[in-house]
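Before any comments, here is the structure.
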Amino acid sequence: MTTPLHFNAFVMNTGSHIHHGQWRRPDARQTEFNDVQTWIHLAKLLEAAKFDAMFFADVTGLYGDSDADFDVYVHEGLQIPSNDPTVLLSALAVNTEHLGLALTSNVVQSHPFHFARQVSTLDHISNGRIAWNVVTGMQNNGARNFGQAQLTDHNERYEWAEEYVDVTYKLWEGSWDEGALLKDKEGSSFSDPSKIHKIYHEGKRYSVEGPHLPSPSPQRTPVLYQAGSSASGRGFAARNAEAVFLIAPSPAVAAEQISETRALAVSHGRNADDIKFFQGLSFVIGDTEEEAQAKALEYEKYVSVDGYLAHMAVVDKTGRVYDPSTPLKDVDTNGARGFLEWTSRYITDREPVVGDLGILQARNTRIVGTPESIADQIEVWQAAGIDGVNVINWVIPGSFEEFADKVLPVLRARGLAQSSYAEGPLRQKLFGSPRLNERHPAAKYRGAFATNADVVEQSEPQLVE
Ligand SMILES: Cc1cc2nc3c(=O)[nH]c(=O)nc-3n(C[C@H](O)[C@H](O)[C@H](O)COP(=O)(O)O)c2cc1C
């Protein structure tokens, strides 16, 4: 019995998200990222192809340890200019019916009371199709944009995230009981005060009285996405996430990360299959192997080595990207050292240079082949334990159009992709139930504030001004 995989389109509301340089291609429409119609068109295309969700990445600033190379970011359109996905999703919600809509929001960027309200509003607008990718950031510049001197220490960022999600869980799950919203015209009561509660959160960073202002949305808590890979990141994901993202270099590495995180989830009282794992992959599709290889070379002509280097923060101590001809052994950077070492080991027949990093990044997790051979490769990833794929694009909308037209039919014929949407909110489509299960840490807040004096009894009569 084969189990269908889930498919997300991994995008960002910007010109150059992952595969840097490709926006220069004549068929690339990511240059029209400011035009809402670009995204509406893509969302409709994805829905027609029965993708599970459209997943927007986001950042709060520029990459780089020491402000990296500002010129490179600007010339490459490397995540600048970029727009806020949270705002964009409301436009996509009213133009689609079944597609999941996932936003990324960093704990640094908005107060949890405000953020929880925005998400509840979106979940109402979309009839329960919202997911939240919880991130803590990797950018000093992104932290400085929100008044921090620099990026908060790694472990502390995840402690911060724990408090942040805790506030939102209290608001989403605990503040309003079921049946609180009455809209009772004859009885003259809009809502039942005995079923709406303040949360009185007092923590290290936040003090939030409540109640939550929106009434419960279809999912209450949005589907929770996370991509932590460090020990503290994986711990956070094991406790909180319902979907975890990997960009593992091979199925074997993915299998290891998946089994470790599943075991951690079990140690936190959850079931191993309470979390679904999505591997990021990009595809170059040809009708023959030769055609696919030729297309891959053609994509490589557009690769911006500088763009990949700046994204990886492979910059010297003054923040400049290295010249592509610099031997790797001469690179002294605080950026992606692991990838540098891996590249040095991979290229053994000549002196590896900085330019190799860019090309290898473009090839990383790329599958080149016919629809049939791509489906074979996806089966290998599934055997390693993944539940889904985040499809990374070269061009918008072409990469998704091709995947939908050529690869999905082959996957469908093998029982590896859904051919229709299940009923209900996004969580119901993914897990069979619209609300978080009772093993999730947010579930403990259901009914937890019922002993708080209810809102109306507690407040003093107010004069209307
Ligand atoms: C597929 C994927 C998508 C991600 N999207 C974002 C994003 O949109 N914004 C962001 O700040 N970080 C993003 N990250 C980074 C992760 O949130 C996380 O910080 C990173 O994987 C490093 O893990 P660590 O925080 O445990 O060290 C993403 C990571 C992956 C693998």
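Glycine residues also receive a Cβ, built from the backbone N, Cα and C atoms like all the rest.
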* Structure fact -> Note: TrEMBL has ASP58, HIS154, TYR158, SER229, SER230 binding FMN, and from THR14, THR96, THR104 that site also includes THR104
* Asked: Are there residues of the same chain, six or more positions away from SER230 (FMN binding site), whose CB falls under 8 angstroms from its CB, and which are they?
  -> HIS154
* To do: Look up THR104 (FMN binding site) in the DSSP assignment and reduce it to helix, strand or coil.
  => strand
* To do: Give me the non-local Cβ neighbours of SER229 (FMN binding site): same chain, 6+ apart in sequence, Cβ-Cβ under 8 Å, ordered along the sequence.
  => LEU246, GLN257
* Fewest neighbouring Cβ atoms within 10 Å: which of the binding-site residues ASP58, THR104, HIS154? -> HIS154
* Structure fact -> DSSP, reduced to three states, assigns TYR158 (FMN binding site) to helix
* What binding-site residues among ASP58, THR104, TYR158, SER230 have a C-beta sitting less than 6 Å from any atom of ligand 1? -> ASP58, THR104, SER230
